[in-house]
Amino acid sequence: MTTTMSANPITILIVILAAAAQLDAGIVRQRRSESNEIPPTEQETNARVVLERCERRYQEGKAKETHAAWAYTSNLTEYNLIKNTEAATEFAAIQKSVAEELRQFDYRTFRNEDLKRRFKRLAVLGYAALPEDKFKELFGAVSSMESNYAKIKICSYRDNTNCHMTLDPEITELLGNSRDPEELKYYWVEWYNKAGKPTRESFQKYVDLNKESAKLNGFNNGAEVWLDE
């Protein structure tokens, strides 16, 4: 025997009325917002048309780059690394092209804050400001550090036959829960030896190129870029 449950008609009516009231309130808020908006200047109107075209190009390139990055992160093979680098380099070229097209407008003078925000997001290139060869060099350094980080295995402090411990979750949990100073020291030193030393050169390269890209974007260093975001 199958039992079916039907909704109470009064309950349905209440839900419909509540939804209608919410929709009506949203329309009223939207109309108020639109009535309070400052009319766009001719430059802002033209800029919006160009921006929307550029945003479509940007989003298509970003989607491809994100897909390649996910494929590499989930399967750290040489083939996926090559595809990831290609997609990132192509997206960097799109970012440069978009930023160059948007430079015909001085978005800082816009009165519409939403338009100004969207322009700023695409105008600051980040790492894409680097020449292609240096961008690939930076990308390679970051990928090398990520790959090394993901593949690290450490032997257990209490069982040296177990050498398959990873940072997450095993070592992270031990560092958070252990109260044995020797055990904590052991994992810290082991992790540093396998995660820090092998990537020192890549990290220094990242620091140098990060600073160079910041200067190309009009900042003194990477910290200023992060604070401006």
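From the backbone N, Cα and C atoms, a Cβ is placed for every residue, glycine too.
Caution: TrEMBL annotation is automatic and unverified by curators.
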Among CYS54, CYS155, TrEMBL lists the disulphide partner of CYS163 as CYS155
Expressed in Å to no decimal places, the gap between the Cα atoms of ASN75 (N-linked glycosylation site) and ASN112 (N-linked glycosylation site) is 44
Students should find that the Cα atoms of ASN112 (N-linked glycosylation site) and CYS155 (disulfide bond) sit apart, in Å rounded to an integer, by 58
Mapped onto three states, the DSSP assignment of ASN160 (N-linked glycosylation site) reads coil
